Each structure stands twice: as structure tokens, then as C-alpha cells.
Amino acid sequence: MADDGCSGLSDFITDDELFNEVTLNEVSDSQTGRPTKRRRLNSHEINTDSTGRREIEEAGTDSDTFDPSLPPNSKTTGRGRKSNDDNPAARKPKTYTPKYHVDQKPLFVTQTQPSSSPSRIRGPRWKAPERNKPSTVSKAKQKSPLPAIWGRKPSTIGSHGTNGKDIDAAIAASLRSFEEEQSARGDAEMLDDSIEEPGDTQVHATPGPVTNAEKETIFDFEDIPDDAFDFEPEFTETADKEPILISSQPRPSQNTTRRPTASQSTSFRQTTLLGGFASSSSKRSSQPATQTWPSSSRNEPPTHHELNKDALRTWIFPKNLGSRREYQFNIAHRALFHNLLVALPTGLGKTFIAATVMLNWFHWTKDAQIVFVAPTKPLVSQQVDACFHIAGIPRSQTTLLTGNTPPGVRAEEWRSKRVFFMTPQTIMNDLKTGIADPKRIVLLVVDEAHRATGAYAYVEIVKFLQRFNNSFRVLALTATPGATVEAVQEVIDGLSISRIEIRTEKSLDIRGFVHQRNVETITFENSRDMITSMELFAKALQPVVDRLRNQNAYWGRDPMALTPFGLTKARQEWNSSPAGRAASWPVKGTINSMFTVLASLAHAIDLLKYHGIGPFYRNLVSFEDSVLKEKKGGKCASQIVADGNFKVLMSKLRSWTNTEEFIGHPKLEYLRRAILNHFLDAGGKNGGDSEGSDSNTRVMIFSHFRDSAEEIVRVLRKHQPFVRPHVFVGQANAKGSEGMDQKTQLEVVGKFKTGTYNTIVATSIGEEGLDIGEVDLIICYDGHSSPIRMLQRMGRTGRKRAGNIILLLSKGKEEESYSKAKDSYEKMQQLIASGSRFTFHTDKSSRIVPQDIQPEAEEKMIEIPIENSQLGLPEPAKRSRAPKRPPKKFHMPDGVEKGFTKASRLGRTNTDSNGRSKRKRVVRTPSPELEEFPDLGDLCANQSQELADDPDFQEIAGKQIPRLRMDVYPEHQRSLRPTGFIEHGKYTRRVVKTFRKISKLGFDCEAQYRAIVGDPDDDGEGLEGLSTDREDDPQSVTAHQSREQPPRVEKRCGTEELSSLDIEAFFPNLAWPARPEAPRPESDGTDNRDQKPSQRKKRYMISDDSDVFE
């Protein structure tokens, strides 16, 4: 038990003398130069008849949950300890005198000092330790003699002189306290001299000291657990060049499943560098270390995509760019089987990884579709180039669709192509209208994935696809996943991410591909002109701020501390406060107007502080014009403009900005000198006209606002052609500034790469993902509190060669914001790598590939098809007339019952609740085919003959039916008889009209006919001169007869030809009554032959509704 004794007292030794065998020098009070160390012991600690429980407890313990390894309560130790009047022995001090001599300096210890937190050593405080159940090893130790201390024999323990018994009791109590602490934590005891045989669980105590040879062979390596040396240090602040351990880097434990051995025990535990004990139950990474893919216990339904079994045997890694990079190889392999979020610094090949994954899924499936989405068209075009010239995806199978493509053309492309490069809004519209089939999509690649928060189109696309398709892969690419834990978790939830692969510039596997970037931070004080402007502007705004303070709506006093966000929050709080709710409408309107005016002017304050006098002056000019000319802002704005301080300020600003050489901010002067020095150091003297000039070096400047970007360009243009700057902004038009469409943006980027421009001043449009080219110097004109934007800016340089970054910050808020962004980025990288704060969606990440298939990597050169050498993007050709938009199509998820379902059948499957099967649908027998129709002429002739010969047609019930006669009831034939429900038809009216005309014909109709038409035997000579008048009234006929010119024959049609027939021959039985002639209308003597048909008077107009006859 000698070894156990050393282990038991090892906690009393400091860190710098751990496990050193020492002996205390036997010195007396007269030999030492300092007083002896005194230790005060309670009476119950040295009581010989005390049980093991009382010996463990220190004096003054409050409860049973007190940990004996911790320092005692302050009320019971030291000077503040209360005395026990009932036990006078407790007041008597005990002197501890060392008896053993050592070569080292004497060491005096009074109590154990654990290096870890109490909850980590003894467990939670609400759980009392199980002290009544000592382990078997503890009992064996109690029966064995006390171990040798510092190499001495056990017999020497009792030789302490006068106080020997007290010292022995104190040491024994300390040993038992340590043993009880170990058993209370449930951990195994420290190593003793017992050797455990395989399969034997009994402890064999071997008394006596342990030699050094025995110590070397005492370990049984089979008893060491697999994770004994899987130590993962906590993240601490490291130097810039110190690597950061990340969870996604390969570890042996992540590729194999741990299998415990037969003799595995808990006799060993891992010690941290700080002296504590590592906790094996803590969650170490976002990816479980013991899980292999695919999981044998996870049963997934087979995919509905048609897979290519031959191609699934391998997965292709292109070598067109040269030697492979291990991090790209590992990330691409994991992206084939997981919904992966890839976080890589800019310029490290995220586009190549996406092209590799797209190529493999293109070969693995036969007709499934692959979609790549990016927020802007320039980002989409970058991926198109990688897929064509690196992955070798055929151009004929790809297309680029944006909102400018007509829906009819997009529908045709969705039916014929397999690889699509789109903007997120376009694909979302195609999915909603049914143009795109969500069930055919097998891979969705998302660029700039940090945007996938809230209701952005990325999130809506994934949600829509999951409604119809449970077998598709998601690959998300970004350089900065998020600024907070909540933002990263929102991205994980929105895209159903199951794994994260993250790398930083300090990661071991990418250090060889990241060039050094020197970051230089420069801070600036406000200039005299800026201070003067701030003072005048503050005096102009002070009355408005005081009015808000008097209304308890705003608590700030300094107008220069106004911010748009602060004013917005103050307005919301005042409106929701009792004072705001109880205020009258005029008061509310006045206060809200003041908040609005101050919020607009707070932006001008930011421009003055961080961007200079020029942008500040232009903002105030716009504000002044809106008040004086457009009459906006109300009384509050008019009061500010009319203030004397404001007028003095505008006068000074106007005089300063009219000076050509005026520079409104110290940042701008430093920026100008830094750019000139950079080009001079690069060897350029003639602006790139000679060899060795600055034609190979580029500078990029980032500014948050367009006003400051244009101010920078104005200053730099004075040094042309040495410095050739150009502004680079977004598409939207701003007040006083025009936007740049995507075509213009690509042209500017192309000229920047070729050297036409060597300096670009960009807003946020140049931050995300755009391949600007090789930039040697990055200047951030203003700091930003967002780590995403900060890292996007810095990632523009240091890709193929070393780069420099200059940060221009104003002292105060801007400097603090940058520091906060930097710390937030580093902390987020650690949290993402650990994965301990995120929840991943492994249940929504199906493998798609069958579990019995394990594709093997195949590295090879990809043969690029000849069709990929064509210039331009694979956009559909423009047509003179676009195809019609197809009707909206509703896609249904699998297993959905289509059609109408009764309420009684809801929730039922093939059988009802009683076990009865559904009623089978009645199948109707097909009706016999119809015979061909006979010829209509033959049919009519046969029917007429049959009716004439059929006696049944003429007789009903033995009575003969008279034949139809047209000569009876003539009065009824010339009138429309009353009807009940159905009106008279068109043909009925015509027949009645015809009979009316016939009835009006007199007995002299033949003579009248001959007079008008002429002799029927005439050969038609002289017909050219006949009249073509269509009037039929007798007066008109008489007028024509009186003319000397020969009459003209007028062709008549219809029933009017009946006037020349002999009516009596047709109706011999009719008695024709003598009818008086109708009065003829007097002629006005005008000739109607030249009138238009619509202007002529119509004769014989019969009302169809008239039933009255003469």
C-alpha cells in the first residue's frame, strides 16, 4: 500500500512539485528562522472512538452535501471561526513539527486545493454523496497498514514525539477523507499495488512498498479505455499563428465505432494540463464521434430518383486544377451524403467543391435535376464557368434562368434540361406555378448561405421541396455563417443542415493555401473643421432635443450622440408608455414629427463623424431643399433650417466644399497617401505604361455609402493616370447617383482585371462572393460591426499572393464596433467548430444512395466537351415571340388521395375501422358502338315514301287525319298568334311576313308587273337605262312610268317574285274580296337613286309583333 499512500497525499502537494518523493527536514523551533506552522484541529477530528463518518466531516459543516475536498466555510475556519465552549480542547492549538529531512525547501500543507470546480469533482450540489457504501477497494485499504510516507517504513509514523498521536490521527483522517471523496464521486480509486487478473473482479491487496520496476509494469494496457487519450482542449486565446482545432477535421474516433474490451474498467481517468480531470460525458463536437455513415439502425425508404448503378461504384474528384487539396477532397466527399454547410474563407475553392458535387450527382442519376442558386447574376455566372471548364458538365444539359426569361421559355427549359443556374426568386416562382417539378430535384446548391434566415427565398425553397420530395441533398456555401449563435442556428434550421464543415485561416489543412495578410489599423481624431461643424450643428438641434426631454420622450442631452436606431427605440417606448397613450393627438403628432426629423439628421451626423464634411454637406443641402422648396418636415424642420447656427454652418460648409483641394476627413488624406505609396512601391511611375509598372497590382476600397465612395473617387482622380479609380455600386438608383446594372458591373470588373482601372471604390456590392480578381491592397474606409461584412471585405485579398489590409477607424464608437466584430467572429468560429450550441437535422438528411453501396474515390482529369468552349452564358435564345405561359399545375405529394373524399372516409386507408374493405368501384360495361349514319338524301326520300305508304301515319284510333292545307284560315296565317312560354321563332316571323305580302297583292298585279318589268319575251335590249330603284310602292312606279327613259329591269329575290304569278291559279277556291286601294304617299319629287341604301326609305315594313290587320 506504499504506492497508495503516495497517491493519497499527492493532493497536498503543489503543482511544481507533483509526484516528487520528499522528506521533511527535522528542524526544531530553535533551528528554523521562522515560527513553526500551526494547524488548528477540531476535537472530533482526533477523537479515537469516532466513526468513519465523523472523521470525514470538517468542523462547522452546514449539511451533508459539503465536499470534504473543498475549503471549509469561512464561518468555521480562520479568524472568524466560532469557539465551542462545551469542548475546551477545540481552543487548544496543535503544533505540527516536521520530522523528516529532505534536500528541497520545507513544504507545509494544511488542506487540499482542488483545481476544478466543486460541481465537476463531486457532482451537483443538490445530490448528497453516498458515503455509507464504500467500495471494495476502500475496505481493503482500511484493513491494510498505513502506507509509507515519502519512502519511509510504516513503523516510523508513530515516532513524532509528544504530539505523535495527534499527527497520526490527522494524517489518517486526511487519508480517509480522500478515500471517501473518491467513492462519493463514483470514480475509481487511485492505483494501488493490487493486480487484477483477466476475468477476476476481486482485489488482492499486496502490503509493502512498491519498487520502481513494479511501478513500470503495473499498468494493464487492455484496461485503458479507447477515449482515454481523446483529449480536446478548451478554446483559449491563442496567438495569430496558433492552429485552431476544428471538429470537422478527421479523427480516428470519427471513422470507427468504439468497442469496449472484456477487461475494460474505470480505474483510469484523464488528467488535463491544469491538473483537473477531463469529463468523458461532455459533448465535444457537432458530429458524434461514434457514428458512422450510414447508420445500420436507420432504415430509410428507397429514393424515387432513378439511379445509375454503374456510376454509383465511384465518385469523381477532378484533377483539372492540379494536385488535390485535402480539405476540398474531404468536404466534397461528405457533401455527397450529408446536408452540409461549408464555411470556408474566400478564395479557397468553394466553387470547385460545388462543381465536384454537382458533377457526381449528374452522373449518379439518369433524369434528376440539379439546381444552383445565388443571389445575383454575376455570382451565378461564376459557377457556370466552373461547371463548364472544371467539372465538364455538358453545355447542352445546362441553362441559366433569371427573372428576365419569359415563363413560357422557362417551362420548356425545365422539361428538357437537367442542370439549372438560377436566382432564388426565379426558382421559387417556378415551383409555385408548377413550371418546375419539385420531385425531380436531387441537389440544391446554395451560395451565400448566411442569407438563409427569416422568410428569405432560400428558406422558402427548402420548405417547398420538403413538402413533395424527401430525397434531395442540400449543399450550403458561405464564408461567414453568422454573427451570433441564434443566426447560425437559424441558417441550420432554414436549410435542414445535418453537418458543418468549417475552416479558418489558422486551420492546419489550409495553411499552405492561405497567403499572409497584414492587417493595419489606423485611428483618427476629428479635425478642426469637423469639430466646428459639430458645435454649430449641435446648437441648431439642441432646442428640439430639449423639447423631447421635457416630454420625457428622450433622455439624451448631447445632440451629437443621436443615432437613427436610438431615436426609433425611444419613439416606440414613448408611444407604448402611459404618457404616450394618454397624450392628445396634437401632442403625439408633434413628438413623432420631431423624432422623424431628428432621425433623418442623425444620419447626417454619422456621415460627418465617419465619412467627412463633403457627404455631410450634401445631405444637409438635400434636407434644406426639402424644407424650403418642397415644404416637407413641418414646423420642427422649419425651425432647424431657420436657426442662425444652421445658417452659419451651411455658409462655412459651402465655402469649404467649393475649394478644389479641400479634403473633409483625415481618413481621406491618409487614404490618398497610402494608395500613392502603394503604386510607387509597386514600381509604377507612368500609370502602367511601361514595363515593371503597376499593371499587375490592384487596389480595392470599401465604403458603406455612395456619397463617400464618390468623394473618394473625386480625390483620387486628381492623380490620373497614375491612379485610375472607378466607382462600383449596386443597381438601385439613389438621389443624386445612378445605379449600375449587371451588365455594367461585369464590364467594370472585366476592365479592372485587364488593368483599365487599377482602383475600385465599392459599396457592399463588392463584398459578397464576386470574383474581383487578385487584389493586393484592401482599404476599409469605415469600420462595421457586422463580422460577416468585415470578413467578406478582407477576403478579397491574399488569395494567390500576400496582401495588405488597412482599416481606417475613427476613435470612439467605430473603433469599438470593429473590436466587437473581431471578437464575435473568433468566438463564433470556436462555437461552430465545437458544435455544442447547435441542433442539427440528421432526420431530414437522407443518404439517397443505397446503404449497401459505398462509392470509392476516383481522381482523374475530366475531359471537357467541345461544346463547353462556346463563349457566353447558357441563356435561352431570345425569340421574336415567346411561347405562351403554360397553365398552372398543382403537384401532389406521394400518397395523397386525389379527388373528393367524404368526411366519413377521412383518416381511413384501404379498410375502414371495422376491418371491412372499401366497396369496389362498379365497372360499367361499355355501350355498343353506333352504326354509321346513312346518306341524308336517301334517308329523307325513304322516310317520305314510308310515311306516304304507312296507314298508321294517317289514322289515329281509327280516324283519318286530313292532309295539311295551306289555303284555309288565311287570317290566322297572316298574324302571329299568342304564345304561352316560348316566343315565335325567326322562320315563323318570315312565313307570316310572306303571307302578309301575298295578301296585299291585288287582281291587277299582272298588269303592274308587265309595266314595271316589261315584256317577258324581250331579249333584254335597253336594260342599261332601266331604273335600279328598289321602291315597290305604286307612287314610285307611276313616277317611273312617266319618265321618258326606258325602264330598267330590277332583279328581285325572295317572296317578292310572287307578284308576277297568278295567285288565282294557286288558290282557286278563295274568294278575293274587293280591297280599297291604300293611300299612296305623296312623292317629294326627289330622286332616291343616288342615295345610299341606309338613307333610302324602306317600304312594306311589317311589325313582327303586330296582330292587327285591316
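Glycine is no exception: its Cβ is also placed from the backbone N, Cα and C atoms.
Sequence annotations record features per position, and here Swiss-Prot assigns region 'Disordered' to 24-165, 178-212, 236-305, 867-937, 1013-1055, 1069-1110. The feature compositional bias 'Polar residues' is assigned by Swiss-Prot to 24-34, 246-273, 287-300. Residues or ranges marked as compositional bias 'Basic and acidic residues' by Swiss-Prot: 42-57, 178-188, 891-900, 1041-1055, 1077-1093. Annotation source Swiss-Prot lists compositional bias 'Acidic residues' at 189-199. Marked as ATP binding site by Swiss-Prot: Leu344, Pro345, Thr346, Gly347, Leu348, Gly349, Lys350, Thr351. The domain 'Helicase C-terminal' annotation in Swiss-Prot covers 675-846. What Swiss-Prot records for 879-890 is compositional bias 'Basic residues'.
Sequence-distant contacts (6 or more apart, same chain, Cβ under 8 Å) of Lys350 (ATP binding site) comprise Val342, Leu344, Asp447, Leu477, Ala479. DSSP places the residues of the compositional bias 'Basic residues' (879-890) in helix, strand and coil in these numbers: 0 helix, 0 strand, 12 coil. For Thr346 (ATP binding site), the number of other Cβ atoms no farther than 10 Å from its own Cβ, over all displayed protein chains, is 22. Classification of Thr346 (ATP binding site) by DSSP places it in coil, neither helical nor stranded. Taking Cβ-Cβ distances under 8 Å and a sequence gap of 6 or more within the same chain, the neighbours of Thr351 (ATP binding site) are Gln382, Gln383, Ala386, Leu477.
In the three-state DSSP assignment, the secondary structure recorded for Thr351 (ATP binding site) is helix.
When other Cβ atoms within 10 Å of the Cβ of Leu348 (ATP binding site) are tallied across all protein chains shown, the result is 22. With a cut-off of 8 Å between CB atoms and residues at least 6 apart in sequence, the same chain places Arg325, Gln328 near Gly349 (ATP binding site), listed in sequence order.
Summarising model confidence by region, the domain 'Helicase C-terminal' (675-846) averages a pLDDT of 78. Within the set of binding-site residues (Leu344, Pro345, Gly347), the lowest number of other Cβ atoms found within 10 Å of a Cβ is recorded at Gly347.
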